[in-house]
There are 2 protein chains.
Amino acid sequence: MTRKIKETLRQDHGSRLKKCLFRLVPLLETLQNYTRFDFISDMIAGTTVGLTMLPQSIAYAALAGLTPQCGLNSAFVGVFVYLFFGTTREVFIGPSSLMAILTYEYTKDLTNDHVILLTFICGCVELAMSLLRLGFLVELISVPVSSGFTAATSIIIVVSQLKGLLGISYKASNFLDNFVQIAQRLPQAHYGDVLVGVTGCVSLLFLRKLKDFSSVNKKSKIVSKIFWFLSTGRNALIVLIFSSIAHYYKTTTNKVPFTLSKGANGGLPRLELPPFETHMNNRTIPLKEMVQDLGAGVFIIPIVSVLANISIAKAFANGGMVRATQEMFTLGICNIANSLFQAMPSCGAFTRSAVASASGIRTSVANLYSGAVVMLGLHFLSPYFQYIPRSTLSAVLICACIFLIETDLVPLLWKENKMNLFTFLITIALSLCFGVEIGLLIGVVCDACYLLYLWARPDMVLEFQDTVTNPYILVRPNMGFFFPAVNYVYSTVNKIAITKGQSRFPFVFDCVNFKRADYTAVKGLVLLSKDFQRRGQELYFINVSNSIVSFCATLKSPLKCFRDRTEMELTICGAKMDPINKTEVTVINEVANEKDNSDKDEFETLMLSKL
Amino acid sequence: MTRKIKETLRQDHGSRLKKCLFRLVPLLETLQNYTRFDFISDMIAGTTVGLTMLPQSIAYAALAGLTPQCGLNSAFVGVFVYLFFGTTREVFIGPSSLMAILTYEYTKDLTNDHVILLTFICGCVELAMSLLRLGFLVELISVPVSSGFTAATSIIIVVSQLKGLLGISYKASNFLDNFVQIAQRLPQAHYGDVLVGVTGCVSLLFLRKLKDFSSVNKKSKIVSKIFWFLSTGRNALIVLIFSSIAHYYKTTTNKVPFTLSKGANGGLPRLELPPFETHMNNRTIPLKEMVQDLGAGVFIIPIVSVLANISIAKAFANGGMVRATQEMFTLGICNIANSLFQAMPSCGAFTRSAVASASGIRTSVANLYSGAVVMLGLHFLSPYFQYIPRSTLSAVLICACIFLIETDLVPLLWKENKMNLFTFLITIALSLCFGVEIGLLIGVVCDACYLLYLWARPDMVLEFQDTVTNPYILVRPNMGFFFPAVNYVYSTVNKIAITKGQSRFPFVFDCVNFKRADYTAVKGLVLLSKDFQRRGQELYFINVSNSIVSFCATLKSPLKCFRDRTEMELTICGAKMDPINKTEVTVINEVANEKDNSDKDEFETLMLSKL
């Protein structure tokens, strides 16, 4: 018998260990039921994503003001790590527009070594966040705030890429300065670049539209497939076409009529520790100073990357279950690994996930093939990266970003929830004026203030129990009762109770929603009770929880409590009241709907007519 | 007819103007029904408070590291202003221990001019707060936080006054440094000072106890009255006795065996503009630099003074109704006026209010008499202020402060509400370690986080409707549903729904508490609905508000809604269920009581037994 139990326990222990291991390394669970069909699907999807990643990495590196090499370096390490630890098959860790723009923001006047150190610190912070189980922080960011944040980032990217499209160069000190600079330098625009850029944009938008045709056109399956493929691979396609044109010009006339991007060094990166000191302006800069130079970026970038990654994972996850803490852990490992290969900070990208999902991905093994494709590209295609026109990259970025601005949210939220619209717009406005991190922070604070405000101004239900013998007035806050509401509830009840005519009725305070005994709130009730006592007016409490009764007893200020409404009615009216007699009215507060206004008038009329 | 209406309107207009004026200058309303009894009561109470204020002002000025003159200057202007605009008769504006310790904190290395400028800025900030109607900010400070803040301030005062009691001198850099300094300098303690100080403390504590005897001793009314008077006027009494001793020594032997305080210049202060530049270390310091020197003090001190004033007003107000915005306005005017008379920042003090209340104050006209007494004192008693022993002042301050530390809150909150205890203790600890303003801020943030946490982890009620034909499971979040809860509610419902055995039941989501359509929350419900659809499991929504229905319609993701539970039951079960069949269980979350734990086990057992 004992042996049996012990055996069961051992088995149980074993299975728990296995479960833990499976939770830590989801790949193990995936491989348990890996089929040939999974294998083929993953290979197709992984390769497609890999091919998308190559031009994307170069474009995002340009966005961050870095060499193409730096972008490419960050495109293969993350996927290999995510293969083991990732929870969502559609997520591919690599360079992303958000990370690029933020990296640019914090390292624009610094060295490449700063970027690599930033990647390392990001990884460490993400890892620390996962160990501290800070996954819940992400829950504090509402959709309007994260949409506003994304929209602002996209606008900043679009505006900052206009110079590439126009073939001009400048350094803007802030978002608005971009417009001033562009207006000043517009006459210097380079026609070759404008032509390539605009053609690129138009083609990309057209190819994007093709996808809609592919789903409409159900006659021919092959045409539909081709349309879909052209649409999905449009970035790689446009880059390929314009690079070929550049290559043609270079080899035939040795003069290209538009600006090309910086070439990549070629080959795979070296494996080495991230730089813990660097040289700038003929001076050695120690680690401490480097970190100071990076400023708030060492916190903002990891937080934003976690947020972005989890948002993407949530959008694609099967059943929507995302283990935020595990995602943070994985992202941390990815970025630490990235920093060993001279890469920029990375996280998942919505575009890659969309491609993977559309390509029929089955499991996260697809990461393996993406990584392999990027490595092969790095090895064999590097010499050709220099032929990519600068304005083509700008066109790719602009066309990717403009669709991240959810303009349709404005009419939707205007109609349905103006408070949400406010946070959406304030996040965008502050992000554009003072930087995306300020916008995000103030957006979250606005949301939090609104929720605190709800605690401070609870809806209150007023009932006038109209009987000939013993009428009474019942007051019930419609939610929990905590310190911010004490002043409001206290003065509202007192105000109603001393209104001419109402002071002769007994009052009943319903504590049904007041479960957790907050000290301030309990003191408020005691004070209220004393005020009624001083006025010689009756005040009863019903549905009082044990914790509040005991709290008042400890304070030596017992309240006149009844267990519930029936008991109270039996005692003060001598009989249980017929609910038909009740007139229930909600007292407005500022948050409530307009509807309640009429209720208030009604209540006032009613009160006046009764008294 | 028209004339009649117009007349009525004019009258109405006139009475509204009158009401407004009465609200702005409560004195006018008071004077309307002022009786001879009020007059006498106010004169007695006002004079008593004035006599209390004289030694208090000198002590608090010493606490702030200022000359006695500076404290006395601030003791008569405020009361005259408050006479007109104040809302609470028991409040007397003047120097207070809290203001003194904070003023010391921000001006310890600065000039007297800085202090006067600080008073002026405080007044302006308070006035601005009242014009911006920021009275509600005070509601965000819960009793545990304000008690913690008061306790920490008191501890700091007590520790900082020990040096006066011991007759030693040092400058401490922070709270803990005080102990180190005292320990080092203990051998230098001056026996005369220690003797005077300890005698003072013991006498004060004894006189304080007398009040209890006065209420117990009901035999002789006169003895009782004398006891009460000695107890209430103990500060003035002790100061008088020890000053007389000092005066005796000085006149007879010309040598006093203990340290005396700095003398006052004597006479009434000049009326002049606050200094907008000053001289320090042989350098002229312009206004901008002076403000920079004052640092965060220019915000912290007005906020704290408003908080303190409103807390005191609340504690004494008749019916507890305090018009926070009017109090801010009055305090602002008081401090601006104070700054014209070279005074330190001031606000109400609990001690004075207690004295006023105990002396039978009737209206705020009492302020007039207090002000007059202080002015007379300034004019005639100034030459004698130099005879007040330094350690007597320390004794007065220590004995006033130790009773502001509510040690009984610790066992009370330990028993009733550990979260409140946590904020109380964290506020004290951080106030002592990093300054009272940091403690206050973190205390408020802790409280706010707790309230946000409640939104994030709502209690959820689970009902298993157990019928033979069509059982279903009902889920109802027990409070409003906003973005921080989306992830939790979403994964909890999904987790319950896919648990082995429960996946075959239809689910019902009760939106009765979900009134305000938050975009994130609506999206969460839509996502949940899609998950159920993908699993082929039914999910119905009941009690859905119109705003949510319209929101989902705009999102083109209609939910399967029923108006209420009966309609849903009629449709999916074919008949209304008998409520007796219901088994109601609350799903725990981390905030809930331990009681719920057993419920959870019960529910799990139940679920397992059913399935």
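Residue numbering: from 1, along the chain as shown.
Each residue, glycine too, has its Cβ placed from N, Cα and C.
Under the heading domain 'SLC26A/SulP transporter', TrEMBL lists A:39-427.
Under the heading transmembrane segment, TrEMBL lists A:115-136 (among others).
Through the fold, the transmembrane segment (A:148-170) approaches residues 62-63, 97-98, 101, 104, 178-179, 181-182, 185-186, 188-194, 197-198, 201, 258-259, 304, 390-391, 393-395, 397-398, 401-402, 404-406, 423-428, 431-432, 436, 439-440, 443 of its own chain, all at least 6 residues removed from its boundaries and within a Cβ separation under 8 Å. The transmembrane segment annotation in TrEMBL covers A:148-170 (among others).
If you look up TrEMBL, you'll see A:227-249 (among others) marked as transmembrane segment. Long-range contacts of the transmembrane segment (A:227-249) within the same chain: residues 48, 51-52, 54-56, 196, 200, 203-204, 207-211, 213-214, 217, 255-258, 260, 355, 358-359, 384, 387-389, 392-393, 395-396, 400, each at least 6 residues beyond the stretch ends and with a Cβ under 8 Å from a Cβ of the stretch.
What TrEMBL lists as transmembrane segment is A:294-313 (among others). Counting residues 6+ beyond its ends, the transmembrane segment (A:294-313) has Cβ neighbours under 8 Å at 87-88, 90-91, 93, 96, 98-99, 102-103, 105-107, 110, 114, 117-118, 121-123, 125-126, 129, 135, 137-138, 141, 146, 149, 322, 324, 327-328, 331, 335, 345-350, 353, 436-437, 440 in the same chain.
What TrEMBL records for A:368-387 (among others) is transmembrane segment. Listed as Cβ neighbours of the transmembrane segment (A:368-387) (distance under 8 Å, sequence separation of 6 or more from its ends, same chain) are residues 42-43, 45-47, 49-51, 53-54, 57-58, 68, 72, 75-77, 79-80, 83, 92, 243-244, 246-247, 250, 260-268.
Tertiary neighbourhood of the transmembrane segment (A:393-414): same-chain residues 55-56, 58-60, 62-63, 97, 144, 147, 150-151, 153-155, 157-158, 161-165, 196-198, 200-201, 204-205, 208, 235, 238-239, 261, 350-351, 420-421, 424-425, selected by CB-CB distance under 8 Å and a gap of 6+ residues from either end. TrEMBL lists A:393-414 (among others) with the feature transmembrane segment.
According to TrEMBL, the transmembrane segment annotation covers A:421-453 (among others).
Under the heading transmembrane segment, TrEMBL lists A:473-490 (among others). Here the transmembrane segment (A:473-490) has long-range neighbours at 452, 454-465, 496-497, 502, 505-516, 518, 520-521, 523-524, 527-528, 565, 586, 589, meaning same-chain residues at least 6 beyond its ends whose C-beta is under 8 angstroms from one of its own.
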